[in-house]
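What Swiss-Prot records for 166, 285 is active site, proton acceptor, and it gives similarity to another entry as the kind of evidence. Per Swiss-Prot, substrate binding site is recorded for 114, 164, 168, 286, 318, 370, and the stated evidence type is similarity to another entry. The Mg(2+) binding site annotation in Swiss-Prot covers 192, 194, 195 and rests on sequence analysis. What Swiss-Prot lists as N6,N6,N6-trimethyllysine is 5. Positions annotated as N6-carboxylysine by Swiss-Prot: 192. The site 'Transition state stabilizer' annotation in Swiss-Prot covers 325.
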């Protein structure tokens, strides 16, 4: 059993409140909690609520200078996970005042910043968040959204088609642009920089931007269709990233790209604001997501990262394929695809949706099916993802 040191109070005395009625303005979280042997589930759930809000390991005199009742997170419900021994879903409600407006960064620092290394827990996973309109309304959200993108591209009633230029590393800028032209001329709507194409010695970013823009304009002139190439603006500093975005705008291209997890939410939100102000679409790649979301018992489920991206801002986001080389369960994938596209998503535990989510008027994000898919997957992909999606081959 875990020994708690002298002077340490049980969290559940303050932070486990099963009678609490959640407020419409609360941010609600569902955690999958695996306590250490001997730690009661109520204590583990309360520990999560405390450590991700106002609590520390003991009582301090400054607690008397504020109203903990107003500011504390509360574990308001705990249920055992069916088929798992000693594993629980702990529901935590956070008062809205704990969070800075319009900052996904602050939201994550608060909710998942400290608790995951907690001694009383063997493992912890954030399964879902309910973002109230009172909070989501403080975010710009996607620069444009699904409908505006279709209007910009003049493409309706079908999924958009794209492919990633390969070999992803090693081509010169001119040969890279040549491949972009061939793909776009052949009928694709989009081509894509690979997520690790930034500005390497064999192909500096400005040269790539120039030759890709040339390829886009040539293909547009010959096909009479609007074409795009996701120019990856991800860089080592956010200033450099903005410089690359500005260059793309000057070239008049329709869309740029960002790796939002490696680049970070602060940089991503800045870029999304720039994209709205300057009429650029923003394609989001989720490089590094599996580090965070792949373990069943620990980390953060991708549906939370997807919701966070919709708030931070992006017009496309990679969302798994269900059919390709990388794993993804169909119902769960469709659950977060709906969370990306729709205004109102009902709670549905069979699809992994723990809370009803109301986005009110925040624009939607197009899910991108990408990773090991080829033409024989088309029937399955269109059935799974429907019209509002990007099918990204190669």
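Cβ atoms are placed via backbone N, Cα and C, with glycine included.
Features recorded in Swiss-Prot, as mapped to the structure shown.
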residue	record	Cβ within 10 Å
114	substrate binding site	13
164	substrate binding site	20
166	active site, proton acceptor	11
168	substrate binding site	15
192	Mg(2+) binding site	30
194	Mg(2+) binding site	18
195	Mg(2+) binding site	20
285	active site, proton acceptor	29
286	substrate binding site	24
318	substrate binding site	25
Other CB atoms, at most 10 A from the CB of residue 370 (substrate binding site): 24
Any further residue of that chain within 8 Å (Cβ to the Cβ centroid of 192, 194, 195) of the recorded Mg(2+) site: 164, 165, 168, 193, 196, 197, 230, 232, 257, 285
Candidate nearest residue 192 (Mg(2+) binding site) in space, where candidates are the binding-site residues 164, 318, 370 and distance is Cα-Cα: 164
Distance [Cα-Cα, Å, rounded] between residue 370 (substrate binding site) and residue 285 (active site, proton acceptor): 10
Proximal residue to residue 164 (substrate binding site) among recorded positions 194, 195, 285 (C-alpha distance): 194
Rounded Cα separation (Å) that holds between residue 194 (Mg(2+) binding site) and residue 166 (active site, proton acceptor): 8
Minimum Cα separation from residue 285 (active site, proton acceptor), reported as the residue among recorded positions 114, 166, 168, 195 that achieves it: 195
Among 114, 164, 168, 286, 318, 370, the record's substrate binders - longest CA distance, Å: 37
Between residue 286 (substrate binding site) and residue 195 (Mg(2+) binding site): CA-CA distance (Å): 9
